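These notes are about the structure you will find just below.
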């Protein structure tokens, strides 16, 4: 089996080097011989000496996907547009594909998977989500007999590191981001990590695997961590919570909800104790019950581990060039079906709210009256210390619909003298 690799950045270099280093171990698990035959990179000189001696180096990616001797293409160039065209060409040429490109799969997965089904090839992507946690294989194989109802996770290590620093060290967002960049946990442009989009790509993929729904990134609601203030981190801790960027996929009454948002997580939840750049995922299935997974979410060697696991799986499960393992998305194509998505009236949660108000007689009663008139049951209502005539009111509600929350926010903002009302959901105990 001949392998072609697209790209030679940190992940691709680690994949090739670990393949060489662990060649004997890998060979001991296979009846088929695997050879990395060609690597395409813009910097051929950098890769020279780091690939197997017989490996061909080229700066032409198309020569890899069009090479009739290449059986498997490992796509590691990143980005979406060029990667999509290369992957589609490789599949059209009858090649299996391994990728760690979550943005590609979340935004173009349906087109790629449809062509793969037509051509009878597989697309494997364990390295696309929570690389040290075998969550893709778990959903496709270990949990295959289960009706999975819930996936809740911390899927972005950069955001989790930042929030951990804000919680444990009292850092503000900017300082915590700078520390993440210094340690290599954040890119120079961290937008995809801190705006929630990276986690949204990942939960889109997991929801498709868990529920048998087509990959549809457009239906995911996501919000990042850029607006989180230390005041909310501290208030959450006082109330017995940690503020985390939580990705959730829920299946309720045969309807789907997929979201990413800063969320208050109770201290007794294992997710509350996922710190630094680590990832954690909680699954609920009708047979295995609740299960929790913990591990690194990124890193060159860690991602290489997932990619090589896919390569071994592919070699073990290929007969006469045809992959006979689990379907690409866990369900056979004819069983993949679109489902309705929960509306804002159907999505409910407890909520945390913080209002900055003038410290005067009657303001607490006014806010309480707004909740009461809207038939919103309040679990906690606290008033913080007064500073320069202003104070924070901190409330948590019992479960209410998202639409009801939105309906009272203008009234609460008026009571707060026009100051924006900060709101975050509280993790549903049933979802963890």
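Cβ from N, Cα, C; glycine included.
Within 10 Å of the C-beta of residue 202 (active site, proton donor) there are 26 other C-beta atoms, taking all protein chains into account. Taken from TrEMBL, the feature active site, proton donor applies to 202.
Taken from TrEMBL, the feature NADPH binding site covers 102. A C-beta separation below 8 Å, combined with a sequence spacing of at least six in one chain, links residue 102 (NADPH binding site) to 125, 128, 129, 198, 201, 202, 205. According to DSSP, residue 102 (NADPH binding site) sits within a helical segment.
What TrEMBL lists as L-homoserine binding site is 187. Secondary structure at residue 187 (L-homoserine binding site), as computed by DSSP, is coil.
Summarising the annotation, TrEMBL assigns domain 'ACT' to 352-429. Here the domain 'ACT' (352-429) has, by DSSP, the following mix of helix, strand and coil residues: 26 helix, 29 strand, 23 coil.
The secondary structure of residue 202 (active site, proton donor), as reduced to three states from DSSP, is helical. Taking a C-beta cut-off of under 8 angstroms and a sequence separation of 6 or more, residue 187 (L-homoserine binding site) has the following same-chain neighbours: 158, 181, 193. The average pLDDT for the domain 'ACT' (352-429) in the predicted structure is 93.
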